[in-house]
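Below is one structure, written out as C-alpha cells, with a few remarks after it.
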C-alpha cells in the first residue's frame, strides 16, 4: 500500500512538471486499473479523480441497485423508513467485515441497532458505546441486548500473542488479556491452541455481557420493567458466530449465575425485593430516589407504537396523584403545626426561667 501511494505521488509530481512516464510498474496483488496508465495522457488532477472514481463507482452502482430493488418490493419503503425506527435489539459486535448483524440475523433495516468495535468490547470509558447504550435503552426502549463475538477474531488472536501492538490497539486488546487472567486456569487446561482460542472468544463474550449488566442504565431499566411487568428488560444475550458456517450459537448468558452472589452484590445498584416494597405507586417507581427524579417522565412515557390509555383512565390516574399530593401537603401542614406548638412551649419555658 505504501509503495503504491509513493508511485502515484511520484507520477503526479512528474505529470505536474511536464515529464512523461511510460507506465507505472506492475504491483503485486489486487490494484486499481487506474494505476496502470500512461502518465503522459493525464495531468495530476485528472489522474487523482480517475483513481477515486474507480474506487467508488461500484459503490454508487450498488446503491442504485439496492434502491431500485427495495422500491420494486414496496414503493413506500423509504418513506416508511423516514418516519422513524422502533427496533427491539441492540447488537454489540466486532468490527470484522465478515460479521454483518442484519444479514446474520435475517433482520430488515430498522429492526436492530448496531454498535461495533474491535473484539466486541464493553468498556465503561468508551463514550461511543455508553452513548448508544443509553440511547437504545432510554429512548428507543429496546428489549434485548446482544453481545456477539466470532471465531477467527483478529482482536482475540492479538491478545494471545506476546507482542506490543502499540497504542491505541495495545490498550484495547489489553482488556482481552484481562479476560485471560480471569479464566487462566480453564484456558491453561486446554492443550489444543485452536480450541483454547475458541474458548477465549466465548469467555470474552460472556465477560462483556457481565459488563453490560453492570451498567447503571441497564440496571435502572431492568428494575423499572420488572416492577411494571414482572419481567426485567432489556434481556442480555451472548452469541458467537462461526464465519466458516455462518452459524449463530447462544451461550445462554444468565446474569444471576454469571457472577457469584458476593461479586454480584458489588455491582448491584438496585435491590429488587426492597424496590417492590418501597414503590407502592407502580406508575412512578423512581419518585423516592432523588437522583433519578429527572428520569420519571421519560420512564413513564408511552413506548413507540403503543396506543395511549383511554381518557377516563388518565383522569383517574391524575385524580389519584392529586389525592396523594393533597395528603402530602396535609402531612406537611400538620408537621409544621406541631413544630410551631413545640416552639411556643419552649418560649414559655424560657420566659418562666427569667
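Cβ atoms are placed via backbone N, Cα and C, with glycine included.
Where the annotation comes from TrEMBL, it is an automatic prediction and has not been curated.
Features of the protein shown, as given by TrEMBL:
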SIGNAL    1-18  signal peptide
BINDING   94, 96, 150, 153  Zn(2+) binding site
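Using a 10 Å radius centred on the Cβ of residue 96 (Zn(2+) binding site) and all shown protein chains, the other Cβ atoms total 19. On its own chain, residue 94 (Zn(2+) binding site) has 116, 117, 118, 119, 120, 148, 149, 150, 153, 155 as residues at least 6 apart in sequence with a Cβ closer than 8 Å to its own Cβ. Apart from 94, 96, 150, 153, the residues listed for Zn(2+), the same chain places the Cβ atoms of 93, 95, 98, 99, 119, 120, 149, 151, 152, 154, 155, 156, 241, 243 within 8 Å of the centroid of those Cβ atoms.
DSSP classifies residue 96 (Zn(2+) binding site) as coil under the three-state reduction. In this structure, residue 153 (Zn(2+) binding site) belongs to neither helix nor strand by DSSP; it is coil. Put plainly, the binding-site residues 150, 153 were compared by Cβ crowding within 10 Å, and the winner is 153.
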